[in-house]
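Pulled from Swiss-Prot:
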ACT_SITE  112  active site
ACT_SITE  249  active site
ACT_SITE  279  active site
REGION    250-254  region 'ACP-binding'
């Protein structure tokens, strides 16, 4: 059988950093108010770089680290809710920029679960035996879809990108998977809504900015996502103690605190970096993954077990247990 493994990780964020104090200059908020409720202290906000620019920088790093030429790639998947345009896809722009002429490329829209969903799909592509390697990238410029007059959302989000190189392996590294969607609760978190505009249609005004029912999302994460994580750990056959770290979507420190108690695992096993980046949606998990390899917490030598879990708009939520 053919399996897949994560062989390279990388991340990139815009240079401009906006602190909570900076936000307090343009809206009614404060560092204490934001940090005490979310754990967020600052975020990176793009000045000129688009989502594809961030993703391209990640792709270039992944190739440089691997030693592969871009023509060796079979596919590129970019998870994003803030693409440069509806078409061409962000992934197509990455493919062109790095010269991956043999790769097919497409975007995946699953909000903050996007990277986990995309990684699960990429694992199946390689396991089919038809493809040898590809890039999976989460990239966002959420700053362009936020209403900067709405402090309930504007203080939460940031821009950035992260990704992995996935390639064929003789050993199994993806040990368990659980992906979920509940479209009946879709109105709890929305963005990019559009109206019919033809001369033959009856359009209506819509709010295209990101809108979120914070309490509903908080409750959803604590209830549904925690239950799913507990179930996938049991499904994997691993004892909780055998999981080295859990890398969850970086939405809110309070969510991680409550999840640790709900699942019954030590809080120190839940890695976090939302204090530096805010919520970067599909980019949050791969940025955290890359940073954790960079700082030595994760070895990338096949000796550790980690759980990746994303949750957000859709509603969507999904988890993977990976030997890394």
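Backbone N, Cα and C atoms are what each Cβ position is placed from, and that goes for glycine too.
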Can you break down the region 'ACP-binding' (250-254) into helix, strand and coil residue counts using DSSP?
2 helix, 0 strand, 3 coil
Among all the protein chains here, how many other CB atoms are within 10 A of the CB of residue 112 (active site)?
33
Take the region 'ACP-binding' (250-254) and average the pLDDT across it for me.
97
At the level of the C-alpha atoms, what whole-angstrom distance separates residue 249 (active site) and residue 112 (active site)?
7
By the DSSP assignment reduced to helix, strand and coil, which category contains residue 279 (active site)?
strand
List every residue in the same chain as residue 279 (active site), at least 6 positions away in sequence, whose Cβ is under 8 Å from its Cβ.
40, 112, 142, 156, 157, 158, 249, 250, 251, 252
Cβ neighbour count within 10 Å of residue 249 (active site):
30
Provide the three-state secondary structure of residue 249 (active site) computed with DSSP.
coil
